[in-house]
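J.: Found this in TrEMBL, in case it helps:
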DOMAIN    1-325  domain 'SLC26A/SulP transporter'
TRANSMEM  33-52  transmembrane segment
TRANSMEM  64-83  transmembrane segment
TRANSMEM  116-138  transmembrane segment
TRANSMEM  150-171  transmembrane segment
TRANSMEM  204-227  transmembrane segment
TRANSMEM  239-259  transmembrane segment
TRANSMEM  271-294  transmembrane segment
TRANSMEM  299-318  transmembrane segment
TRANSMEM  338-365  transmembrane segment
Amino acid sequence: MSVGPEATLALLIGSSIAQQGHSSDESQIDPLAWSCLMTLFTGLFTLLLGIFRLGFLDSLMSRALLRGFVSGVALVVMVQQAITLLGLVEQSKAWGITEASTTVERIYFLCKHIQYAHPLSSAVSCASIVFLLAMRIVKSKAPAQSRWCQLFPDVFLVVVVAIVLTQSFGWDHQGLVILGKIENAGLLLPSIPSFPHNKHMKDLLVTSAMISIIGFVESIVIAKVYSSRHNYSVSANRELVALGFANVCSGLFQGIPAFGSVSRSKINDRAGARTQMACLVTGVIALLAILFLLPYFHYLPKAVLSSIIFVAVLSLLYELPEDLEFIFRIGAWRDLALLLVTFIATIIISLEFGTLLAVTLSLLLTIRETSYPRISIMVCALTTRL
């Protein structure tokens, strides 16, 4: 299993930071310090879950609830990225769309302003998305033995080509928004970020707890898939302790929460990785890129970044039709209702509410099932009262 930042959890962090605002009020906390504290508390929550042997929590989240929540998150991210894909960032700011705006408001804005989409940004986005999707189809159809096809760096190729074309043809002067200069902070020493005002601690702790639970459930699902495939055992409590300790260290080094990643784990498995040495090599390469390659990303279009995120998040919806077909086939109408309720709540209200609703419904259903067990009478003995 490969551990690192995940789109779902990153979106929860971004949403939490956006809700705090960025005013000059002394009670407001710096966004960087907020994310570091959230990572630190997420690690502490996860570590405590492992110490108290609460690894059984992964069995509380039903597949229908998880599918509804993940599908809702995928749609939220896709709608957010659509504004950048179409080059409507400035229009969205003028319209009043902020980071705290709901998905429904963003969809309404897109419907009203789709005719004002920036042609060059839209063309770059469409070309990037079509190429990435085509490569995914080719990789899925290619035999497993053709490792060169499975490991083809399609995302890397898109990034390099976009940077070269933007710099060569001056697309940044034609309205295409680029990443620009990225400040390199260098190597950071471990430090404890400043704590926020008391009135913000509740939001910080609640969001950290939700990230801890969702991240652990996703991680243990991935771990169990590959443990059954490669015939080794997985201890949920040990995974909790390991993930908790990793996130505590990440928070001290100004990182963000890291849990099991489906996409990276799949790539690791296809590449033949068998130990965490593969993750160590990945981390070293990422560190070298941060230290020495940041200036080369100056001309990277933001539309290309949004295209990469859009395609990555789109993969979260791949299993939704199969799950819906299975639910209809067996007549699991309660699971269908749970999926729809979680999905709609995540889209209409917020990601935090969708997460809290999914966890709460899972606990209530577990309590109900254990309080009223199903008893089936298999045979009646004539000599008894049964």
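Yeah, the Cβs are placed from backbone N, Cα and C, and that goes for glycine too.
What you see is a predicted model, and the numbers here were worked out from it, not measured in a lab.
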J.: I need to check the long-range neighbours of the transmembrane segment (338-365): which residues 6 or more away from its ends have a CB within less than 8 Å of a CB in the stretch?
T.: 11-12, 15-16, 60-62, 64-69, 71-73, 75-76, 102-104, 206-207, 210, 213-214, 323-324, 327
J.: What average pLDDT does the predicted model assign to the domain 'SLC26A/SulP transporter' (1-325)?
T.: 83
